[in-house]
Amino acid sequence: MALAIACGESSPSHFVFLRNLNRTLDSIKHNIAQIFLNVFYSRPCNDADARTHGNVGLLPSSFEEIIIKLGGNYQLSAEDFFSGKNDVSGEQDPHAAFNVLDAMLKESLDRLKSMRESISLAKMGFLGLTKEANCQEYFTIVRDLCLDGKLGTALYLRRKMMQKGVIPDVLTHNYILNGLCKIGDLEKADWLVRDMLELGPFPNCATYNTFIKGYCLINNLDKALYLFSTMTNSGIRPNRVTYNILVHALCKKGLLNDATKLLDNILCDRDDKKTPDLITSTILMDSYFKNGNMVQALGLWHDVVQMNSQVDVVAYNAVIHGLCLSGEIKLAYGYFSEMIKRGLSPDVFTYNTLISSLCKEGKFEEAFYIYNIMSRTGVAPDQISYKMIIQGLCIHGAVVRANELFLCMLEKSVMPDTHIWNLIIDCYGRYGDISQAFYIKDQMLACGVRPNVYTYNALIHAQVKGGNLTDAYSLKQEMLFSGLSPDVVTYSLLIGAACRSGYLRRAIHLYDEMLRMGYEPDMIIYTELIRGYCIMGNIKEAEELFGKMLESGLPIDHVPYKILIRKYCKIREPDMAFELYKKWLGSEK
């Protein structure tokens, strides 16, 4: 009900009043229609007609009194307007009639407008909008609208309140500002802040923090720093949140020196200047690691540990992740042990960081050891944990072991995402077990996971590798029936297979189809077609396609040069081969 009132709807008692207004409008429309009859048929409207149409007694007596008080009797007689308006023939002047109608409508609408304004004022007085309790209800509605993402309605309600002299508090404005910044509408957010500065309430630190973060999210660091300067010049003291937002933005841009200066400002603003801010230090330390400054990162960590006993899991995760990025897995183990000694429990991110680093180095036994510790300590492995180990095993060809872990996922009711299914299918396909690859695809469908383009590309690659070009082409048709569009990789696999098998006409057909679908050929497709033309002895077509390849601006490796040079030598054109060889040498400079 409160939202209905806020949006301009009336309470039930007002519906009776508005219904009576509608009846008034109906009566006016009837009178106008009667005037038209008088104009065009020269029939005056008598009282009998009025009674026949039910105009008498249409309104309650109380409502008629209100009408009289607000503007007098609304009914007008046609005879009053047409007196003295006859022409030479004694007929009434239609133009004069329409002028009278205009005047009558305008007067009636003006009176209704006055009535509506009077009712609105009375209603606002009845609702007591200026009361503090009701204001808070309106503010709550605006905040709820912002949380629901209905910013247009929230701004409309704010405007209506301000028109009634009620200015929402700074917290309500901050909700609106936060919503605008989240959707990236910084232009409207800027207007709102300027409106606050002009009409009130004055922005506070949270307002500027929200606004600064909004510009940082769209990578407009200059505007964010300008707002920071404006904030301090206005006498509003930045807090830790302000500094953390800016430090994170500066680190993201690689401006570590400026971020370090901001950290110094935080220390200067604290009463206990020896205690660094943990959140800001963690952000800065993570950036040092990502930029390869391991010494500076560990130096900052040493300061944090020495002066702050409240080191948390997030800070340790930043150190362990940074050391793993630097290839210092043994040192990362050391901080992992120190973390446990401090009584901090590693989370899934900690374990995933170590597992990822070990899999990249091919140390799968150690990765499984960390995986087992993770399970025993009650930290459930997530999709990322399984994905990293399975991907590492597939890269190294350990498809049987990867499949065992994959089945373990299913047994623990952890449904693998599409990427994990594709990894297993691709690995079986690459190592020649086509039947098992298709069995995994059938399992995938049975579990309700829909294959994507990468699934089909893996299966097509398996069929092409097995020499089953017809089956590979059928998979492309199956993709289309499933609502999936082949991509450049699909066409590259099929065109290459067709060219190597001597089916040049089919390869050209696929190439034309790819162009019609809006795809641009890559270097592999150009190379395979050039190879196909050379196999079939169509050297001119091969040269033309090679020219298109050069014009496309794609990076070209040595393969197409070698194919053409070998073909020139075979057809005894050494001069052409030597010219192309010189061009090849020139392209590598």
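Glycine is treated like the rest: Cβ placed from N, Cα and C.
Look at TrEMBL and you will find 169-203 (among others) tagged as repeat 'PPR'. Sequence-distant contacts of the repeat 'PPR' (169-203) (same chain, at least 6 residues past either end, Cβ-Cβ under 8 Å): 139, 142-143, 146-147, 149, 151, 154-155, 158, 162, 210-211, 213-215, 217-218, 220, 234, 236.
Among the features that TrEMBL reports, repeat 'PPR' is placed at 204-238 (among others). Taken as a whole, the repeat 'PPR' (204-238) shows an average pLDDT of 85 in this prediction.
Per TrEMBL, the feature repeat 'PPR' maps to 239-269 (among others).
With a cut-off of 8 Å between Cβ atoms, the residues of this chain six or more beyond the repeat 'PPR' (312-346) that come close are 278, 281-282, 285-286, 288-290, 292, 294, 297-298, 301, 304, 353-354, 356-358, 361, 377, 379. Taken from TrEMBL, the feature repeat 'PPR' applies to 312-346 (among others).
The repeat 'PPR' feature in TrEMBL is assigned to 347-381 (among others). Taking Cβ pairs closer than 8 Å, the repeat 'PPR' (347-381) reaches residues 313, 316-317, 320-321, 324, 329, 332-333, 336, 339, 388-389, 391-393, 396, 398, 401, 414 in its own chain, all 6 or more past its ends.
Taken from TrEMBL, the feature repeat 'PPR' covers 382-416 (among others).
Note on the repeat 'PPR' (417-451): residues 383, 386-387, 390-391, 394, 397, 399, 402-403, 406, 409-410, 458-459, 461-463, 465-466, 468, 482, 484 of its chain, located 6 or more positions outside it, place their CB under 8 angstroms from a CB of the stretch. The annotation repeat 'PPR' is assigned in TrEMBL to 417-451 (among others).
The repeat 'PPR' feature in TrEMBL is assigned to 452-486 (among others).
Here the repeat 'PPR' (487-521) has, by DSSP, the following mix of helix, strand and coil residues: 26 helix, 0 strand, 9 coil. Under the heading repeat 'PPR', TrEMBL lists 487-521 (among others).
Under DSSP, the residues of the repeat 'PPR' (522-556) split into helix, strand and coil as follows: 26 helix, 0 strand, 9 coil. Residues or ranges marked as repeat 'PPR' by TrEMBL: 522-556 (among others).
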Same-chain residues at least 6 beyond the ends of the repeat 'PPR' (522-556) whose Cβ lies under 8 Å from its Cβ atoms: 488, 491-492, 495-496, 498-500, 502, 504, 507-508, 511, 514, 563-564, 566-567, 571, 587
